[in-house]
Amino acid sequence: MTRLEQDICLIGMPGSGKSTIGKLLGQRFKVSFYDIDRYIEKKHQKKVSEIYKESEENFRVIEKIAIKEIINLSPRIISTGGGTVKSDSSMTLLKKDRLILFINRPIEEIKDEIDINRPIFSNDSTRIYKLYEERYPLYKRYSDIEIINSGDINLVIKKIINKVNYNLGV
Ligand SMILES: Nc1ncnc2c1ncn2[C@@H]1O[C@H](COP(=O)(O)OP(=O)(O)OP(=O)(O)O)[C@@H](O)[C@H]1O
Ligand SMILES: O=C(O)C1=C[C@@H](O)[C@@H](O)[C@H](O)C1
Ligand SMILES: [Mg+2]
């Protein structure tokens, strides 16, 4: 695949590699890439963790508005926040005309790197297992393809391209 045949949206747990992979895919195909969390931070001049800490409900509203705005910019690749799948209406917007990739990174690997002081983990390193259990069905429900993100990131990118091609019958 020398060009990206289908627009892509990445979903998955916090720290699973959505932003890293989105950026690399954008560079590989020379296409536009938007990260929803970064877009929100730029727009509101505030860390998403701060907005989230004030009120998750309000954060999901802000997130949905950001998704609408990002979609209007027609990016080819979008990476979501870890909890975007909690909003069915946000996912409906993202699923339209986009292939949804579930970036599934082993929790042990996420745990080794992630900042557990994030409000979502409430300073509890075991909370991530519970979160994975709660969200796994949502990641499965909304995704078209699941990608295991473990090991060399360049090989993971190759795996993604092969799977996307296969899915499209290219
Ligand atoms: N296959 C991999 N090998 C090594 N490090 C990886 C791999 N995938 C992701 N990482 C690292 O894991 C960390 C989290 O990745 P990233 O920020 O892309 O995740 P995310 O899903 O966007 O998380 P967030 O919830 O913060 O938005 C980064 O430091 C990234 O370099
Ligand atoms: O998992 C979550 O619910 C979140 C993950 C982050 O990417 C941010 O979108 C925000 O902090 C919420
Ligand atoms: Mg990210």
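Positions of Cβ are set from backbone N, Cα and C atoms, glycine also.
Annotated features, as they stand in TrEMBL:
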- Gly15, Ser16, Gly17, Lys18, Ser19, Thr20, Arg118: ATP binding site (BINDING)
- Ser19: Mg(2+) binding site (BINDING)
- Asp37, Arg60, Gly82, Arg135: substrate binding site (BINDING)
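Only Lys18, Ser19, in sequence order, out of the binding-site residues Gly17, Lys18, Ser19, Gly82, Arg118 have a CB under 6 Å from ligand 3. Listed in sequence order, Ile103, Arg105, Asn149, Ile153, Val156 are the same-chain residues at least 6 apart in sequence whose CB falls under 8 Å from the CB of Gly17 (ATP binding site). If you take the Cα of Ser16 (ATP binding site) and the Cα of Gly82 (substrate binding site), they are about 8 angstrom apart, rounded to a whole number. Across the fold, the C-alpha of Lys18 (ATP binding site) and the C-alpha of Gly82 (substrate binding site) stand 9 Å from each other. Taking the C-alpha positions, the distance from Gly82 (substrate binding site) to Ser19 (ATP binding site) comes to 11 Å.
Here the Cβ of Gly82 (substrate binding site) has 20 other Cβ atoms within 10 Å, regardless of which shown protein chain they belong to.
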